[in-house]
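Asks: Dumping the structure here so I can ask a few things about it.
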Amino acid sequence: MVKPKVGINGFGRIGRLALRAAVEKDTVQVVAINDPFIELDYMVYMFNYDSTHGRFNGKISTSAGNLVVEKEGKATHTIKVFNLKDPAEIKWAEVGAEYVIESTGVFTTIEKASAHLKGGAKKVVISAPSADAPMYVMGVNEDKYDPAKDNVISNASCTTNCLAPLAKVINDEFGIIEGLMTTVHAVTATQKTVDGPNGKQWRDGRGAAQNIIPASTGAAKAVGKVIPELNGKLTGMAFRVPTPNVSVVDLTARLEKPASLDAIKAAVKKAAEGNLKGILGYTEDQVVSTDFLGDSRSSIFDAGACISLNPHFVKLVSWYDNEF
């Protein structure tokens, strides 16, 4: 099988973990990485050592300006490294990169991300929400993808990827009248280690390791983009908490059809073992956040944490590794 050739723009948290996933799953060939701020030797160090996910289970080195990744003694990826600020200048075609993962968090509109097409890329996947690019969430609306016209797409946010599969199952089975989502979210790179200035929301500048910080999120509203029948029915907020990784969604919803918690659990379990296997998970174990470190599933339903006030009003809980 010929593996799709992929380029990565931005070698931060998501870019590095995308490369780790590519090496582990062995379904795509990463042929190039661009990052204007990280030198080659530093890329080796940052990829090899990770405070959250641990040391890379393999070997990475440099050769003639390339990164060379080895797994089980075999070189699996030889990766050309660019250090360019303008994505239009990256010569993706020279290395055969047809697909680009846009993981800088900067080029998140169709216009900005389309710059990769000038260098020879054929498709661009933005690893963040986008104001105007078509948004696709696996298990929810990927069947709507049109390869003839969708050259730049968004894979939405980690939180939307957690919420949307769960919301789809509940809406399909019982109907959602309206709902409020809260994500209890681990710290991210945009936060401050100690109190500092922040231009938008002042409390976003408070020390991440010292505080629980209320924050805005568009993740719930974004579900309306991938599940049109829920458009305008969901909104939400976040609490940033001092943990390094793994977050959890709390969906409180009013249902059209009456449903017991057992019926809801059965519906989610059926989906998790059926058409959403590998995307939506289900557990009845007494789990905590670190139990999901490195879990590649988008959303893991915590049956034991869910509660119901009455058959029309429920609180549902689902975990996700917000980096992986």
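Here, residue 1 is simply the first one shown, and the rest follow in order.
Cβ coordinates are placed from backbone N, Cα and C, and glycine is handled just like the others.
Sharing the features that Swiss-Prot gives for it:
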{"type": "BINDING", "residues": "R13, I14, D35, K85, N322", "note": "NAD(+) binding site"}
{"type": "BINDING", "residues": "S157, C158, T159, T188, T217, G218, R240", "note": "D-glyceraldehyde 3-phosphate binding site"}
{"type": "ACT_SITE", "residues": "C158", "note": "active site, nucleophile"}
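Where in this structure would I find these features, and how exposed are they?
Replies: Taken residue by residue with DSSP, N322 (NAD(+) binding site) is part of neither helix nor strand, so it is coil.
In the three-state DSSP scheme, T159 (D-glyceraldehyde 3-phosphate binding site) is classed as helix.
C158 (D-glyceraldehyde 3-phosphate binding site) counts 25 other C-beta atoms within 10 Å of its own C-beta, drawing on all protein chains shown.
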Asks: Return the member of R13, D35, K85, N322 nearest to R240 (D-glyceraldehyde 3-phosphate binding site) in space, with distance defined Cα to Cα and candidates limited to these binding-site residues.
Replies: N322
Asks: Least buried of the binding-site residues S157, T159, T188, T217, N322, going by other Cβ atoms within 10 Å?
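Replies: Per-residue Cβ counts within 10 Å for the binding-site residues S157, T159, T188, T217, N322 bottom out at T188.
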Asks: Using a 10 Å radius around its CB, how many other CB atoms surround G218 (D-glyceraldehyde 3-phosphate binding site)?
Replies: 16
Asks: Quick check on the binding-site residues R13, K85: which one has the highest count of other Cβ atoms within 10 Å of its Cβ?
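Replies: By the 10 Å Cβ neighbour count, R13 comes out on top.
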Asks: Considering only the binding-site residues R13, I14, K85, N322, which residue has the minimal Cα-Cα separation from T159 (D-glyceraldehyde 3-phosphate binding site)?
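Replies: For T159 (D-glyceraldehyde 3-phosphate binding site), the spatially nearest of the binding-site residues is N322.
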Asks: Spatially, which candidate from the binding-site residues I14, D35, N322 is nearest to C158 (D-glyceraldehyde 3-phosphate binding site), comparing Cα atoms?
Replies: N322
